[in-house]
Structures are given as structure tokens and as C-alpha cells.
Amino acid sequence: MTLLCHLFFCPRALGAAAVDTRAYCAQWCPPKSSCVNATACRCSPGFTSSSGDVFTNRLENCDDINECGPPPRVSCGKFAHCLNTEGSYHCTCGPGYELASGAKTFRSESENTCQGKNHPTPSISRWEGICSTFSRHQRAVLGTYPVTHPSLNPKAQNLLQRVTSESSEYPLPLPPNTYKDRCCNFFPSWTPPRGIKSQRLSRFFEKVEDLARKFIPAFAQDSIQGLIEGVDELLQTPEDLGALPRSEQHRVAANLLAGLEDVLRNISQALPNGTLTFNASAGTDLSLKVQEQGDRNVTLSLNQAKMLLSLDEVHESSDSGPSVVGLVSTPGMAKFLAEAPLVLDPKQQAVLREHKELLGEVPPVLLSGVVSAFVSNKDTQNLGSPVTFIFSHHSVTPGPTQKVFCVFWEHSQDGGGHWSTTGCRMAATGDASTTCQCSHLSSFAVLMAHGHVQEEDPVLAVITYVGLGLSLLCLLLAALTFLLCKAIQNTSTSLHLQLSICLFLAHLLFLTAIDQTKIKLLCAIIAGALHYLYLASFTWMLLEGLHLFLTARNLMVVNYSSMSRFTKRLMFPVGYGVPALIVAVSAASRPSLYGTPTRCWLHTEKGFVWTFLGPVCTIFSINLAFFLMTFWIVRNKLSSLNRDVSTLQNTRMLTFKATAQLLILGCTWCLGLLQVGPAARVMAYLFTIINSLQGMFIFLVYCLLSQQVREQYGKWFRGVRKAKAEPENYTLSSRTVSDASKHSAVRLCIIKVK
């Protein structure tokens, strides 16, 4: 495929000023926002839009910022919980605790003075000592049973009783849940993604809240099983979630992946040592291992994935407690991550470019289920040795234009994210399994990206560059002819001139800037400019077709009075205004879809490329109808045509000019839509050859085959010859005079000598 074929596929507010800016405020600012100026709005504190605090898109709204996460943006400290409110948040002490000041809420960890109600509690350092002494199972028991429960060994019982009876200020028993809240605040806050309206998602989070409210550490296994089954049911029957836009589905998936990992990491700390497996009916599985000592090489296996890691790499050296390792598989998550973009690691991009390979614009396809790996240590971004994942997936043999990648889900600030290959590499792949190695932990998958090898046919490449280069030269000559040749200036030449200018600029920008993808903003601007210039070119082709039809219908000369009125009133507003309107609406609704990773053109995502293909298909369909009607009129009434079109009486000339008009009117661009199936290569050749020479046909038909233009060219050439001959005659005369003078001087000298 050649380059030409690719066409078918916030300001910040100023400081205080003397001018009253309220008079220039935007009237369209949505709720929870205020005006910045005539074109921008700012979200109120505690709210944000998809573009940030300040935005200029009228379709955006200001949504509440969930400071409590996941992931949390604030920390309330120990024995406290974060509660999100509309536009704000606050912290409250946990059950059985209150602030020393008696207040109900506070804002940050530095303001945390939570203490047991009516009973001051031992210092944090003492409780940390207690927690490090007990096993995880014993700590879970502390949340439910008395200190003297037989599950606790004598050393633990004595230590607890000694700590709580050191002072008369700590009488036994301590307030309910003191042990649990002091040692093990297991169930973290998990809230829905902001701005997503879904009854199904609301019911799921109601179930999560119910699990958190009824959570008892001693029965952590039941809570985990309930959570896995809840996620499994949500993925199996998404209901109204399936009707959400893709971008919102990606945000839901990102929230589920992050929240599930966070909750499981915390709840797992209440489990006894050992390996546990949890299963759900639709395929959601969880494998956990809790151990204090033993083999540091851990292997966890699920139905479709296996993980091998070393605890020495993921366990903090300062943490002397047991280690938790978990692997959860959520195959149903694939439906929410459909069409999610893939961002390659810079090194992989360089390798692909070196081999002239590029990813296509077709969204990648997940081959495996999505698995999330977590450990008790949250800092697992740069591991010393990689973690190995072995994925089982349905049998597939990648074609020549398909590539398999090991990827992870990288979260973005707006709550969504994308697939990324950074830190992951594919160690081996077969028909039904793929081995990946990653230097961090997250949510992983194996996907197959559809691409193409940039091995362009050298013949087509030469045709493209030579053809467009020749067209540029012909378009420039044609534009100069229409602009400078006064004898032929009329409505027709005005249309020819505008078409030539638009096509010249479009082809020039296409040849010089279509591959400038390094700077994303610049690439988007280039794509927008190409979008406008080619749409303007096709609009002028439409006006050419209309003008040709009206001329043939009226059987009059080109500058017929009705044609002049049509030109003055509609020609320029339609020729330049309609394309500008289409591009403006497209850019306002989907600005991010201008520019692709491989070309500065329009994305195919969400059918965005049809903002170009739609008008183009409409125009060449209308022009084809104009052409057929014009040809019929000329054929039937050839003998009655006036002198200005009398040259059409020659049948051969009529046939040639009719064919050329098909090219000039853009009807042959339909070949770009026919590049499918066995005839794709032939159509690619025809499309490239014919349309790259469009400028040459404009110059040939409207200039070289026009008698008036040829006569004008003759006058210009004769004028140039005459201007060139005059200096030569002057030089020859000067030389003759000089030679005569010299001869006279010689004769004079001879006479004097005599």
C-alpha cells in the first residue's frame, strides 16, 4: 500500500486584570464550573473534566473527584476511614474510636487523633509490637474473640494482658474491635469510578459495602469467596454496562482491576499460612499463598495462567512478617477491555521501525484472560529479576501481518488506561501458550496486534512520488495560467484556479509531512490540515461538476448571467466554508483521533475516518451523476452546441475529454474503496496511477487543449523571444560600431605617419 492509499483508511486564566471579563464569559459552562473567558470554563474545587480543571469542549462535564480512591489520593492515618462526598471528602475515626477533640471529621493524617471511646488505648508502638508477635491467624482471632481465646499461645496471652494492664487506665476488656482496628484494618475503601451511571455497577458496589460491613477477620476466606463470586457475576452479566461507550467501559475495567487487587491484598493478611484457591462459575479464579518461612521461590497456578517469582525480589527486607502472594484470573474482563489501545515500549517501536514494520489501526485482540498479580509489598515497579508468567490461550498461528505481545494494563490519571509493553517481554510463544517475563507486578495479558509490514511495492512508491511530483508542477503551471491569462478569466477558470490551489497545497503537505508522527500535537495539526485541504479539493470538484452540468443544460457560454450570480453568492462560501464546518465539528467532538501512530491522518476508531470518506463518497457519487447527465446532453445535442464548445464535435476529442472529466471530478477516487479481496493489488495500482496524475489532467484539459490558452501561450513565447532577441541585436550593433571606430582610428594613424 502506498502513501496515497492511506487517505482511505486548555488555556489558563490570566491574573487579575482591569477589564471586567464577565462580559466575555462563556454561557455554556456546565454545572459545577465557572467561566474563565469566552471560550473556556474551570471546574469547581473537588471536580474535574476529562481534559483537566480548565476545558474548552462544550460536550465535557465536571465530575466529582474521588479522593478516597482507589487509588486513594489522601491518607487519613491509622484507625480512620476516608469518605468521599460531592466535591470534597473527609476522614472519620473507625468504629470504637473518636477524635480527642470530640469533632466528628478531619481532613488529613496530620489531624488524626483517633482514640478508643471512653478508654485511652496503648501507644501505637506497643500495638505494633503485639502485631509483629502474633501470626496472621492469631491477629484475625483478635478481632473477634477475647484475649484468653485458646487459639492464642500463652506467650501471646501474657503479652496482651501485660500491655493492657500496665496501667489502671487500661482496664480489661478493651473496647470492642480494639485489637482488630489497632492491628489489622483489613477491608480498604473501594468506590465506583466517577461519572459512570450504571445500575448493575451500583448493585455490585452495594454488595462490596455489605461484605466490608460484615467482615470478620476470622472468616476472611468467606469474604474472599464472596468477593470473587461478586466480580464473577458482574463480568458474566454486565447488563447496562455493555451499552456504555468503550472509553467508559475501560474506566470500569481499570477500577475493577485496581480495587480488586487492593482489597485482596489487605484481606489476605487475615489468612493463615498456606496455599488457598478460590473459584467461581464463570471462570474468575484466585490462588493465594501465605508463608513466613520456607522456599523463597513461589509458583501459583490457575486454569489459564501460572506465575513464578522469587519472594526475595518482592518482599521488603525491613518487613519481618509473613509474605502474601496472589494471582487472580478474570477472563470476563476482556469484554470491558475490547478495543483498548496498545502503547509499545520505545525500544520495541525502534525495532519495528528498523524492520519496517508498523502496527495497524485495527484494535488488538486479547488471546488470554486478564490476570492480576499482587504481593503484600505494594512497591513492585522495578524488580531485580523478572517475574515469569505462562499463559494458556486458544490455539492461534499469527499471520504475516500479526504480532503477539506480552502486555500489562497501565492506569491513567482520568481513571482509564491502555495496554503497554514497558517492562514486559515475550520469552516464548506457541500455538496455545505464551511465556512472558515482566520486571513489575500489575494486571497482565497476551494480545495479538494486527499490523502491516511497511514493505511498500517499490514500483508503487515510485509511481506515487513521480506522479504527485508531476501533478504539483502541472497544478502550479495551471494556477499561474488561470491567474495571469486575462483573456480566459471567467466563472470556469475561477473554479479551475481554486481546485488547483487546494490540490497543490494538499499534495505538497501530504508528500512532506504525512510521516511526521514524532510530535503528537504537530501530527494532529497536520492531519487536520490534510483533512481540510482534501475536503476543500473535493468540494471544488463538486462545484466543477455542477457548473459543467448547468453549462451543458443551458447550452450557453460559460459566463452566462445565472452562472455569474451563482459564483458571487455561493461559490466561495460553499467551496471553503463547508469543509471548514466539517473539520471544525470533527475536531471539536474527537480531537484525539487526529493523527495515528504511523501516519498523520485520521483514526479509524469509532468510524472517525468517515468524516472524510462520507463527504468524499457523496461528492464523487453526485459528480458521477452530473457527468452522466452532461454526457447524455452533449451526445444528443452535439450539433446545436455553440462555438465555445464546438471542438467537442470530434468524437475522439469528446471521448478523451469525457474520460479526463471523470478524473478531474474525482470519480476515480472510488477505486480506493475497492482495494479488497483478490483484486486489491490491481486496484491499488489503478488508484495510485490515476489519482496521482490528477493535476496533470487538469493542466492538459484546461490549458494545453484550450485554443484560447494555447494562443495566449504563443503570445507569451513570442514576447519572451522578442525580449531575448533585442539585447542580442543591441550587442551586435554595438560590436559593429566599435569595430568601425577601431578601423577609422588605424587609418588615421597611418595617414599621420605618412
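Every residue gets a Cβ built from N, Cα and C, even glycine.
Feature annotations, reproduced from TrEMBL:
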type: DOMAIN; residues: 64-103; note: domain 'EGF-like'
type: DOMAIN; residues: 276-454; note: domain 'GAIN-B'
type: DOMAIN; residues: 460-706; note: domain 'G-protein coupled receptors family 2 profile 2'
type: SIGNAL; residues: 1-15; note: signal peptide
type: TRANSMEM; residues: 459-483; note: transmembrane segment
type: TRANSMEM; residues: 495-513; note: transmembrane segment
type: TRANSMEM; residues: 519-543; note: transmembrane segment
type: TRANSMEM; residues: 570-588; note: transmembrane segment
type: TRANSMEM; residues: 608-634; note: transmembrane segment
type: TRANSMEM; residues: 654-676; note: transmembrane segment
type: TRANSMEM; residues: 682-705; note: transmembrane segment
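Comparison of 459-483, 519-543, 570-588, 608-634 by number of C-beta pairs under 8 angstroms to the transmembrane segment (495-513) places 459-483 first. Sequence-distant contacts of the transmembrane segment (570-588) (same chain, six or more residues past either end, CB-CB distance under 8 Å): 57-59, 491, 494-495, 498, 528, 531-532, 535-536, 539-540, 543, 594, 608, 611, 615. Outside the transmembrane segment (519-543), and at least 6 residues removed from its termini, the chain residues within Cβ reach (under 8 Å) are 7, 495, 498-499, 502-503, 505-506, 509-510, 513, 571, 574-576, 578-580, 582-583, 586-587, 591, 594-595, 600-602, 611-612, 615-616, 619-620, 622-623, 664-666, 669. Helix, strand and coil residue tallies for the domain 'EGF-like' (64-103), in that order: 0 helix, 16 strand, 24 coil [DSSP].
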